[in-house]
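The annotation transmembrane segment is assigned in Swiss-Prot to 35-55, 93-113, 119-139, 189-209 on the grounds of sequence analysis. Residues or ranges marked as heme c binding site by Swiss-Prot: Cys38. If you look up Swiss-Prot, you'll see His89, His190 marked as heme b 2 binding site. Taken from Swiss-Prot, the feature heme b 1 binding site covers His103, His205.
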Amino acid sequence: MANSSSVYDWFQERLEIQDITDDVTSKYVPPHVNIFYCLGGITLVCFLIQFATGFAMTFYYKPTVTQAYSSVSYLMTDVSFGWLIRSVHRWSASMMVLMLILHVFRVYLTGGFKRPRELTWVTGVVMAVITVAFGVTGYSLPWDQVGYWAVKIVSGVPAAIPIIGDFMVELLRGGESVGQSTLTRFYSLHTFVLPWSLAVFMLMHFLMIRKQGISGPL
């Protein structure tokens, strides 16, 4: 006990961690808050599960058009608990989207987007777009028939945009047609660009909530 107390005192002297703890644990919670105000937190938990299970799958997944499908099959059939890791990843992805939708409805119906919380709402909308992008890019990674044709259709949508449409299609596909470059780009987006982007906007979102507090009743 003496040693643990000494360690605590050492950190307290340098970082004043007690003040941080008091700020976190003593934040005022309005009496109107109910279980529906937990939907955003549940979405965060789903993202953390996604991050953990996705990280685990990167040890076995091979982002090539010739090995992607076989590596996923290997994960599902030969790796210990691989089927469970991938299944949890898929289930938590669906749960994350559902919780996000419900969270958006709750915020909108209770007026949580109004002044002075406009920027909090904007960061939330950006995170919703990133979440959809997660779904689109992740759907293609097994590179089966469903994934391939989903990528071909989705990456071809920007072609309808005047002037820059063809450029955006080529940018997404990494060339004129869907192939290895497309899979590499979608894999990079799904495992690096989107997670870090979402983490940054989550941090901004939470800091604004901490600063402004929970919105009042409608």
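Residue 1 is the first one shown; counting continues down the chain.
Using the three backbone atoms N, Cα and C, a Cβ is placed for every residue, glycine included.
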Checklist entry - When neighbour density is defined as the number of other C-beta atoms within 10 angstroms of a residue's C-beta, which of the binding-site residues His89, His103, His190, His205 has the lowest density? => result His89
Checklist entry - Expressed to the nearest Å, what is the distance separating His103 (heme b 1 binding site) and His89 (heme b 2 binding site) at their Cα atoms? => result 20
Item to check | Ranked first among 35-55, 119-139, 189-209 for CB pairs under 8 angstroms with the transmembrane segment (93-113) | outcome: 35-55
Item to check | For Cys38 (heme c binding site), nearby residues of its own chain (Cβ under 8 Å, 6 or more apart in sequence) | outcome: none
Checklist entry - How many whole Å apart are the CA atoms of His89 (heme b 2 binding site) and His205 (heme b 1 binding site)? => result 24
Checklist entry - What's the CA to CA span in angstrom from His205 (heme b 1 binding site) over to His190 (heme b 2 binding site)? => result 21
